[in-house]
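Copied from TrEMBL, the annotated features are:
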REGION    1-23  region 'Disordered'
REGION    99-128  region 'Disordered'
REGION    140-165  region 'Disordered'
COMPBIAS  153-163  compositional bias 'Basic residues'
DOMAIN    166-441  domain 'CDC20/Fizzy WD40'
REPEAT    294-335  repeat 'WD'
REPEAT    410-443  repeat 'WD'
Amino acid sequence: MATAADASPKPAAPRLNVPPSMAGGLRLDAAAVGISPSRLHLDAPKTLSPSKTTYSDRFIPCRSSSRLHNFALLQDHHRAGDSAADDAPYSRLLRAEIFGPDSPSPAPSSPNTNLFRFKTDHPSPKSPFAAAVAAAGQHDCTAGSGESSTPRKPPRKVPKTPHKVLDAPSLQDDFYLNLVDWSSQNTLAVGLGNCVYLWSASNCKVTKLCDLGPRDSVCAVHWTREGSYLAIGTSLGDVQIWDSSRCKRIRNMGGHQTRTGVLAWSSRILSSGSRDKNILQHDIRDPSDYISKFSGHRSEVCGLKWSHDDRELASGGNDNQLLVWNQRSQQPVLRLTEHTAAVKAISWSPHQQGLLASGGGTADRCIRFWNTVCNLAWCKNVNELVSTHGYSQNQIMVWKYPSMSKVATLTGHTLRVLYLAMSPDGQTIVTGAGDETLRFWNIFPSMKTQAPVRDIGLWSFSRSHIR
């Protein structure tokens, strides 16, 4: 029977905490290396209980990729005296078991007090990109950056405020009318109530062109391309041609049953759109009121624009349709029905033949403009277009084509910006709204310099009246 003394636990001999697979290889003859047995206690591996797991200090998957030489971990810190000589065989054996038998012997060095001192990592010569990486690391990242890459062009600055405002009393807040147009001779025509006024941009002179009387009112104005004659559409359905230099009416043409809200000149033909759903073609050289009729819309025609080569006529209506016509057919050659609101804003690109931009009303979301699009106009100096909008911001927006990135957003009107016209030099636009104001904006560069437009003092910022 065992005694109590036999049952008492004996103190465990000190041992090195190494994985079991390595413990068997760490057998050392103390007498052979001159180390006293009291200094080294390495026991043979014991059979572990299945229910108990012994873990080593740490696990390093691959020492060859650890780059320990970068941190001077392979350097041995020799101690002075006999203790250093006594520990040398043990250190060699321990290094061989931990780092492998082919580990290099450390070179003699002074004691390293900064253990994790980072050293330069030289690329392996096996890599084909070693030379390029080393050369790239020697260059200053900031030096020559402007020469190696193309500098980004700064965005063009657009003035955010109008440089001139004109009061326009009785300017109607009606989406389907077109009451402002700017001629190639730098004269602005505006329909106010039953009268038409001309404003000269060169001398700011205002001239009353005509008065239609108490029973009629102005619904549309549009200049010829030469800027000498003005076409006027009336609420009674007539189309009148006026000589602006003499303030004299030279022609009155009927044909529509109700108001004529939109007009468009080609080089020889005047097209008119009406609430009666028809488009009439007028030739002032022909004595008849009109020479042909286009019938394709199911509601009021509110947008008309001839292409620059006079081959096609685009029309938009309150039936949410955009139609394209030519002079040789009485039926549209193209019918676009993707709009979900009235199509008033129509403009042909002067930079790319056959490119047509259109925008719809409040409920339309088809051409990147996510609120009411009232007007569209291409700039002839740069490949950009301007759009005017309604509720709720009543803004004017400038877009770059073909990326359709926004160049500028202009605000100032308090009601829908229903009217838009461009100056003959292509630098200035005028916008009109139901707030009874006309606002002039310098937003496009000149064709020659391509530089930002600056106010040279020709027009001071002032508020005056159109009549």
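FYI, residue positions are counted from 1 along the chain as it appears here.
Cβ atoms here come from the backbone N, Cα and C positions, even for glycine.
Note: TrEMBL annotation is automatic and uncurated.
Note that this is a predicted model, so its numbers are computed, not measured.
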DSSP helix/strand/coil residue counts for the compositional bias 'Basic residues' (153-163): 0 helix, 0 strand, 11 coil
Segment-level pLDDT (mean, integer) for the domain 'CDC20/Fizzy WD40' (166-441): 91
Residues in the repeat 'WD' (294-335) grouped by DSSP into helix, strand and remaining coil: 0 helix, 21 strand, 21 coil
